[in-house]
Amino acid sequence: MGAAAAADAPVVAQGINGSLTLAVAGAGAAIGIGMIGGKAVEAVGRNPGAFGNILTLGIIGMALAEAVAIYALIIAFGGR
Amino acid sequence: MGAAAAADAPVVAQGINGSLTLAVAGAGAAIGIGMIGGKAVEAVGRNPGAFGNILTLGIIGMALAEAVAIYALIIAFGGR
Amino acid sequence: MGAAAAADAPVVAQGINGSLTLAVAGAGAAIGIGMIGGKAVEAVGRNPGAFGNILTLGIIGMALAEAVAIYALIIAFGGR
Amino acid sequence: MGAAAAADAPVVAQGINGSLTLAVAGAGAAIGIGMIGGKAVEAVGRNPGAFGNILTLGIIGMALAEAVAIYALIIAFGGR
Amino acid sequence: MGAAAAADAPVVAQGINGSLTLAVAGAGAAIGIGMIGGKAVEAVGRNPGAFGNILTLGIIGMALAEAVAIYALIIAFGGR
């Protein structure tokens, strides 16, 4: 919530806490990374000789998806 | 929230901000574009000779999905 | 919200408007129609001779999924 | 909402009604049944001779998924 | 909600109860386990001779996904 929440405003949904930003963005990033990893494993299983290329491309894609989670982490560490 | 929010009404969920319109519609648009791109890459991998047709069809589909995000952007820039 | 909302009750989440019914049911209906259409296109690509049967079956399925969105539209036009 | 809701408590989100239990659990159950049915149709299309086994296994899976929706229906009929 | 909820704060969304942590994390964990199980069944159907390896790898993956649900269970049993 952060200290910016005015003390005299009614606080709702107080049983729930956490950073919505990191929750939703992190879920999406993790699902995206999982898709890349799953398809990469499948691709290696179908053509083991392409392991190097698959690893390169998979790591590029996973890094881009991970970056989304890091953006959300930065926002969550800041004042949201 | 916009200036239309009455000042005397209790404001809830004040720890969360942002445009729900762009958040949800943009998420859907991005997932749809990702599906088109992923299947297009898979199709080129299976039949590299059809690259031109796949590119044409993929760009048509991605433009239509991108348009949904642009609709949401317009609504988010306006008064929501 | 509708005129049935009591004027003296605290109104929350007032920055968000729209029909939840049509939003969620329409999203699901559209995703379902998209699944049918995508698989139909894939099936025609694999066996172009079955175009007639695929079209018949696909239109039946898409009509049933579209009906869900129309149910939600009726509820959204009424008092929700 | 139910009669158990204290009359003097501020009621929020009053524009939305319905049973969250049945909504979310029913959506998941329906998606799960749809996955089983879709894969079963695909399996019969690939190997029509296995229709009996596919039907048996599909009905077992669909009954288990349907049971989740029935659990939610019982909770929704009760006091939620 | 828990006893930690201040008695004088307005309680909202009181028609809905339960642990959001376990609900969302458990849903994700169950979907992930279902993906592993479904793909494992598919893999055994394609290559029955690899049953031992598929079982080993599938149980490792399912245990890791199950662990996420157990984390959420611990948080849900505690003060949330």
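Including glycine, each Cβ sits where the backbone N, Cα and C put it.
Just so you know, TrEMBL annotations never went through curation; they're auto-generated.
Pulled from TrEMBL, these are the features on record:
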type	residues	note
TRANSMEM	A:20-38	transmembrane segment
DOMAIN	A:20-77	domain 'V-ATPase proteolipid subunit C-like'
TRANSMEM	A:50-77	transmembrane segment
SITE	A:E66	site 'Reversibly protonated during proton transport'
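Distant neighbours of the transmembrane segment (A:20-38): 58, 61-62, 65-66, 68-69, 71-73, 75-76, 80; these residues of the same chain sit at least 6 beyond its ends, with a Cβ under 8 Å from one of its Cβ atoms. Taking DSSP states H, G and I as helix and E and B as strand, the domain 'V-ATPase proteolipid subunit C-like' (A:20-77) has 57 helix, 0 strand, 1 coil.
Mean pLDDT of the predicted structure over the domain 'V-ATPase proteolipid subunit C-like' (A:20-77): 93.
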